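Notes to accompany the following structure.
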Amino acid sequence: MMFKQYLQVTKPGIIFGNLISVIGGFLLASKGSIDYPLFIYTLVGVSLVVASGCVFNNYIDRDIDRKMERTKNRVLVKGLISPGVSLVYATLLGIAGFMLLWFGANPLACWLGVMGFVVYVGVYSLYMKRHSVYGTLIGSLSGAAPPVIGYCAVTGDFDSGAAILLAIFSLWQMPHSYAIAIFRFKDYQAANIPVLPVIKGISVAKNHITLYIIAFAVATLMLTLGGYAGYKYLVVAAAVSVWWLGMALRGYKVEDDKVWARKLFGFSIIAITALSIMMSVDFMVPNSQNLLTYVW
């Protein structure tokens, strides 16, 4: 029973979703030549770091989680794990994850993990989520870290491919998160969380969703245009982007915003999963200069 509670507080669904993107970034960089020990170290390391961040987030958010319907039954809210124990647990998970990335992958992968962790826990969870409408934007940067870590674990470089991955996954996070905020509007309102739909209105959020999907579509194409992914990837990327954009545009005419937002959210998962799979299997050897080469 206790195992289940310690697992739940790490948010397994979030860990699984991040692992899909880590695999995408790792295999994109591997170009068919997979270092399996490195692959395992990277996956487990990122999983532990994400788990640590989620436990810290649960600790920080336990007051507002009580006010939200979807989070009122979380482990810390119900007192099934004490706050003090959760902090120790989160710290141990983080230390283990960072050590695996440092020694099992490379220092760059570890530092990227540290930066993503600090942004998520220190900047987003502790401050931006509660005080700024731009919290979602800041949070999107940490959400985009896992595929970049997977990529850089192989290359040891933060090159243009890594930058494109950062752009793709950051831009994807925005409509994905705004969709959640729309169909969970009352929850965010009750907890006084200043997400865009609550502060500026759902109609403004729809405009932002549309613009971010357009930007996302452009970013996805850059993997092929930059020589990192092939044309099969390009076709899938274009198809999911056009479909997702079409869903966003239909949102201007719907009668039930919550139903529409839930569908948009659901397709966002399909879209990013499809892209992660395609970049894993349809890769090209790039011919581009590094933006930043990490020398160790």
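Glycine is no exception: its Cβ is also placed from the backbone N, Cα and C atoms.
Values in this document were obtained by computation on a predicted structure and should not be read as measured data.
These come from Swiss-Prot:
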TOPO_DOM  1-9  topological domain 'Cytoplasmic'
TRANSMEM  10-28  transmembrane segment
TOPO_DOM  29-37  topological domain 'Periplasmic'
TRANSMEM  38-56  transmembrane segment
TOPO_DOM  57-78  topological domain 'Cytoplasmic'
TRANSMEM  79-97  transmembrane segment
TOPO_DOM  98-107  topological domain 'Periplasmic'
TRANSMEM  108-126  transmembrane segment
TOPO_DOM  127-197  topological domain 'Cytoplasmic'
TRANSMEM  198-216  transmembrane segment
TOPO_DOM  217-228  topological domain 'Periplasmic'
TRANSMEM  229-247  transmembrane segment
TOPO_DOM  248-268  topological domain 'Cytoplasmic'
TRANSMEM  269-287  transmembrane segment
TOPO_DOM  288-296  topological domain 'Periplasmic'
Problem - Per Cβ pairs under 8 Å, the stretch of 10-28, 79-97, 108-126, 198-216, 229-247 packing most closely against the transmembrane segment (38-56) - result: 79-97
Completion exercise
Sequence-distant residues near the topological domain 'Cytoplasmic' (57-78) by C-beta distance (under 8 Å, 6 or more away from its ends) are 5, 8-9, 11, 86-87, 90, 120-121, 125-126, 129-130, 184, 186-188, 190-193
Exercise for the section: Note the mean pLDDT of the topological domain 'Periplasmic' (29-37), expressed as a whole number. Expected result: 95
Problem - Spatial neighbours of the topological domain 'Periplasmic' (98-107) far in sequence, C-beta under 8 Å, 6+ residues away - result: 37-38, 40-42, 44-46, 48-49, 113-114, 149, 152-153, 156, 294, 296
Exercise for the section: Report, as numbers and ranges, every residue of the chain located at least six residues beyond the topological domain 'Cytoplasmic' (248-268) whose Cβ falls under 8 Å of a Cβ in that stretch; write 'none' if there are none. Expected result: 172, 175-176, 179-180, 182-183, 185, 202, 206, 209-210, 213
